[in-house]
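As annotated by Swiss-Prot, active site applies to GLU161, with the evidence given as sequence analysis. For HIS262, the entry in Swiss-Prot reads active site, proton donor, with the evidence type sequence analysis. Sequence annotations record features per position, and here Swiss-Prot assigns Zn(2+) binding site to HIS160, HIS164, GLU184 based on sequence analysis. Swiss-Prot lists 48-57, 304-325 with the feature compositional bias 'Basic and acidic residues'. Taken from Swiss-Prot, the feature compositional bias 'Low complexity' covers 71-85, 144-156. Annotated region 'Disordered' per Swiss-Prot: 41-86, 144-164, 303-325, in sequence order.
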Amino acid sequence: MPAQRMRSVIPPYMLRALLTRYAPQRDCALHTLNHVQSLLGNKPLRSPTEKNARAGERSAISTTPERHPTARQTGAQGGAAQQPRRAVDEAYDHLGVTYDFFWQAYRRNSVDNKGLPLVQRALRQGLPEQLSGTASRWCSETATARSSTVSPSPSTLVGHELTHGSDRERSRLIYYQQSGALNESLSDVFGSLVKQFHLQQTADKADWLIGAGLLAKGIKGKGLRSMSAPGTAYDDPLLGKDPQPASMKDYIQTKEDNGGVHLNSGIPNRAFYLAATVLGGFAGKKPVTSGMTRCATKRCRKTPTSDHLRPRHGETRAGLRTKRGDKVQQAWASGWQWSNETAADAQSGYGH
């Protein structure tokens with residue numbers, strides 16, 4: 001299973017729900033689902049400016065999905081945005097927030113610590129209206145730290161997609177089954193941390209939502225995913241109910257979505273949320289975040305098909321070095337909630 005894949009922040013199961021529940025948007029949902037699936041099978045495009053990057057370099061681009069992302073550049077590079085279009089301006093601003101977060105929190109020069117240019121495309125072709133009131137589409141090209149959107153562009157999603165670029169260069173987690181779910185969780189974690197950094201929120205004040213505000217008006221939901229309570233992000237007749245499990249005892253075995261990478265990412269997401277709130281303060285600077293990062297950069301580099309047990313133990317050890325180590329360990333344990341049957345099933349065929 002190749003490690004370098006394009007990602008889509010909109011999980012395929014949401015698009016499939018629209019295909020079966022909402023006839024007026026069926027064609028749009030099918031077109032988008034086919035596009036997402038084609039991205040999962042393609043190699044990412046390389047950035048023409050990647051080799052000559054300046055610190056903090058970023059660009060926002062307006063284009064169509066069929067064209068090369070640099071075909072029409074309407075945002076500025078390295079300075080103030082010059083294009084008044086809201087979509088491009090917001091995209092450009094969020095790239096700056098993401099760069100500032102990685103620099104101020106971890107002293108990393110861009111997501112790869114090598115000054116990788118941050119490129120974002122504003123695509124003029126939409127998702128079904130139930131997924132966005134402004135008909136936006138999200139995808140990413142992780143080799144060059146690229147992501148795509150049309151306004152609004154929540155900072156969690158920008159941080160999420162750009163982190164995939166860091167995942168590829170640092171952890172090389174296989175985008176499949178448990179290691180793929182961990183890959184998605186790492187991006188959700190840092191996407192949420194970028195938002196918390198931007199809003200200056202402590203762990204107890206953050207909403208821990210991925211894609212808050214992305215759902216259209218009238219849809220019963222808060223966002224695409226909830227890190228604090230997986231499975232509760234939305235419950236709507238058109239989208240169905242958020243299917244994410246919150247613990248390993250509810251782990252989902254499936255061949256869809258690269259083995260359920262967007263589904264089972266809710267498990268490490270909730271464990272991280274519980275540990276971060278126990279530690280308190282700004283989650284981006286806490287030992288639990290460092291533990292998760294170390295897992296991605298060192299332990300998981302050696303085992304790119306890593307199962308969930310490895311990051312769990314690694315992050316627990318990081319928490320034990322704090323004054324609240326016992327409480328952090330308890331938080332992780334309550335987040336994972338293994339059952340004997342699920343443990344045997346989930347570990348078969350993975351990891352080693």
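Each Cβ is built from the backbone N, Cα and C atoms, and glycine gets one as well.
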Per 10 Å Cβ neighbour count, which of the recorded positions GLU161, GLU184 ranks highest? GLU184
Quick one: what's DSSP say for HIS160 (Zn(2+) binding site), helix, strand or coil? helix
